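So that you can see what the record holds, here are the features copied from TrEMBL:
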| type | residues | note |
| --- | --- | --- |
| DOMAIN | 9-696 | domain 'Myosin motor' |
| BINDING | Gly102, Glu103, Ser104, Gly105, Ala106, Gly107, Lys108, Thr109 | ATP binding site |
| REGION | 573-595 | region 'Actin-binding' |
| DOMAIN | 813-1006 | domain 'TH1' |
Amino acid sequence: MAELEGPEFGKADFVLLDEVTMEQFLENLRLRFSQGRIYTYIGEVVVAVNPYRALALYGPPAVERYRGRELYERPPHLFALADAAYKAMKRRAKDTCIVISGESGAGKTEASKYIMQYIAAITNPSQRAEVERVKAVLLQSNCVLEAFGNARTNRNDNSSRFGKYMDINFDFKGDPTGGHIHNYLLEKSRIIQQQPGERNFHVFYQLLLGAPPAVLAALHLSPDPGAYRCTQEGAQGSACGDEAAGYRAVEEAMAVIGFSPEERDSVRRVLGAILHLGNIKFTAEGETAAVEDMAQVAALAELTATAPDSLRQALLTRTVAAGGGELIEKGHSPKEAAYARDACAKAIYERLFCWIVGRINAGIATRGYDARLHGKSTVIGVLDIYGFEIFDTNSFEQFCINYCNEKLQQLFIELILRQEQAEYQREGITWQSIEYFSNEPIVELVEQPHRGILALLDEACLAAGTVTDPLFLASMDARLGRHPHYTSRKLCPTDKTMEFNRDFRIKHYAGDVTYSVEGFLDKNKDTLFQDFKRLLYNSTDPVLRAMWPDGEQSVTEVTKRPLTTGTLFKNSIVALVENLASKEPYYVRCIKPNDQKSPTLFDEERCRHQVSYLGLLENVRVRRAGFAYRQPYDRFLLRYKMTCEYTWPNHLMATDREATQALLEQHGFQDDVAYGHTKVFIRTPRTLFCLEQERTQLIPIIVLLLQKAWRGALARRRCRYLRAAYAIMAWYRRQKVKTHVRELLRRFQGVRALPDLGKGLAWPEPPAVLARFQNASQRLFCRWRARQIIKNIPPSEMGQIRAKVAAMEALGALRKDWGCQRSWAGDYLSLPSENPGLALPFARRLQALKDKVHFGSVLFSCHVRKINHFGKSRDRAILVTDQHLYKLDPRQQYRVMRALPLSTVTGLSVTSCPAQLVVFHTQSRADVAVCLHKTRPTGDNRVGELVGVLLEHCRATKRELQVRVSDCIQLSLRGRRRLLTVETRPDAAAPDFGKSRDGFVLYWPGR
Ligand SMILES: Nc1ncnc2c1ncn2[C@@H]1O[C@H](COP(=O)(O)OP(=O)(O)O)[C@@H](O)[C@H]1O
Ligand SMILES: [Mg+2]
């Protein structure tokens, strides 16, 4: 849990002081400073003391210690604050801002860098390339902006001479997707003039002392800051670190940000041009000025890529529109020329700086962000703006800077002190009001329309005739003399710290500052002759040209008077404060422990002063009396309702307030909270932390629950789909079945009346499910048809039909012609038409046989040609009764030659050709081979009949009879195997047998 510091380090939060007095506050601050504990909280505000030495507080292990932790879980740190701002943004999708304030050299810029570093370190765990690029540009932009915008002052070796507000955009996952830098009022007067002991912007020294000789030679520069008016003052005294390293770092950073090599060349040329321009001197030539050293003009023309003549012209004259479209060239006096030259140098540098900021912004602009796709974009703003400044001589810049600090202090008071108290009152929380100093009158003194100092200054600038700085002072004395925060020598003649006609003093919240009005008018007007703008717009260097879009205007064009510097600054600061006020603010209050940049000295007086004007004691008091956290009931419940059974998933109480109360009481937090009209107030962050922790533990369970419910819903839906699909399929199938059945009915309805009983009807193609049904129906139908046919056949015919069926089954497919179409008579020998003359003897023989063996019926009789085992063939007759197969001799009144019981006949062989050959196979292997002949009509086809009746007889007597169809029949005669083949002979009159190589052959007449 919380990693608390021991008592030897003092109190980590000023709220814990025993008594809220300045003495205790300073004692705690001093103790912590001496122990290297430079950060202390007041609630969520971080008070930071500049250690003036490197502390091991910022490395990756430190980042890990603070990542995702709550504010008070670890010792106070900027990282904790940055994490809190980041968490607020991520958890509640709120825009946040971190406002860093404090006087010059108190450590604001360093703090902002650590905050950026921390945010960069904890974001983009998936290492997305675009996010890494944005982070790199954000971090590298510091290096470039410091080179161009920071300078050594008497208070701070690396003092920011411009204000910076940086927005970092985050996607819904909390990864930085881009950013934007706003810069405020660069102190451009520093280009020309520095206070004793101070330096120009770092970049000039880096160029002169750090650039390779070749680069300098190309710019016609010598590596000696003392040689240039702009850098002369800073040339003495200690250098700021290793300029060469600085030069390389800036070059690298510019490359990372995306400056092209050509752009970097242009930037160096512009810097060189400023140095050369500063050195140009003018002499009087009669009324007008002349350039002392034309070689310098040539170098300048080269660096700015302008025509030397136009350049000289712009330096020495100005073009004035004289009405009626006429233009007059007016020569400068040497003094005017020098003023114009300085204005030009300052303007060039300012535009260069703004162009660089613009380029950086282009590099970090959020690309391809679509809120619908990527979710809401949130912002963390970091404000590092020049701190409150009191110099020996304070001019217009200090005036602006201090005004800006007043505005920020006002915002702080507004948010931390007044709003807080106002909210308690609004919510009906018992509250003891706390006195605090409000700086509103001072802000009013400066910015009030028509009456404030800025308004008076604008008025003086606009006035016709020559208004001088002292006249402006007089007008202030006259109009602001009564203001409690304004004074001057005239109003207070005894005060010798101010000069007559030069100084005025404002009682700022942070202390009294005496300003010298000298240069106020000039700096506010900020005149730059059009001739320079046109000159530089016409430069062939595209970068330089891009900085001067307003040079495009023609001289005769009547232009609106540009807004003054003061008004522009005021507008930008008002916009800034509005922007900050719309975000959730986090504060870092920086304190400078001494003016000697000493890591050990704790200057109690200086610190007391800062603590008091920063209003830190009031802050502690409000904080102690107040509540760390508040939230409307509904939102509070939304976030924590899962931690309590009464509120999860939804409470049943009358109001959200009651539900909140129930929730907090269940956790035992009732003593640490207060209930407002619409919000719940929680005094200590620890309570909130406990709630957060419980919530974090429950979230995975809730996620599981949601997943479960959702998966169930998905499965149910899929199931419904399936069921529906099956229902549709079933209906469809049923429909198909119905249509099929209907179609069957339609086709077969009148089938009885059809002559072929529907044999020729086509069956409709059945659906797959009905395939078996169709088969069965077809079988049924066949049977029905058969029945219809059979039922009309007289019983006397049935024998014949059965025999035909039997024959068909045995021969149908194997023998082409088997006499189906004929009427089968069976006992042909009894027919007089078949057997004229011999029918009678046959009938007698038949009767004799019947008397002897009592057979039932004659199955078949016919004349045959037979062959014996010697190969001898004879005419005979066969008679098949239901008991025997007889071989008869027709020439001896059909005397029985051989009688074979039918039960010994095992099979029959016939041919597939039309030959009337029949072989009876017997058990005793004494087969009988005969060829039916002497039929009427001749060649009557009777083999089928013989096979049919025998098969039918065997079926009736339940015996087996094999029927073989072959044109090469195997037979056994007296036990010997022989082959019998058929040979068709066109010339044979009647069929007859002959011998062949391995058996016998039947010669069959026909083709
Ligand atoms: N946290 C710190 N650790 C070490 N040195 C610091 C720290 N903060 C400030 N300093 C020192 O103080 C100097 C001034 O700080 P800076 O941030 O530039 O002041 P400001 O921006 O408020 O004018 C820095 O150059 C650095 O030497
Ligand atoms: Mg700074």
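Glycine is treated like the rest: Cβ placed from N, Cα and C.
Checking the binding-site residues Gly102, Ala106, Lys108, Thr109 against ligand 2, the ones with a C-beta less than 6 Å from an atom of that molecule are Lys108, Thr109.
The residues near the ATP site, meaning same-chain residues not in Gly102, Glu103, Ser104, Gly105, Ala106, Gly107, Lys108, Thr109 whose C-beta sits within 8 angstroms of the mean position of the site's C-beta atoms, are Asn50, Asn156, Gly387, Cys590, Lys592, in sequence order. Taking the binding-site residues Ser104, Thr109 in turn, the residue surrounded by the fewest other Cβ atoms inside 10 Å of its Cβ turns out to be Ser104. The DSSP breakdown of the region 'Actin-binding' (573-595), given as helix, strand and coil counts, is 9 helix, 8 strand, 6 coil. Around the Cβ of Gly107 (ATP binding site), the number of neighbouring Cβ atoms within 10 Å comes to 24.
Mean predicted confidence for the domain 'TH1' (813-1006): the pLDDT average there is 90. According to DSSP, Ala106 (ATP binding site) is assigned to coil rather than to any helix or strand.
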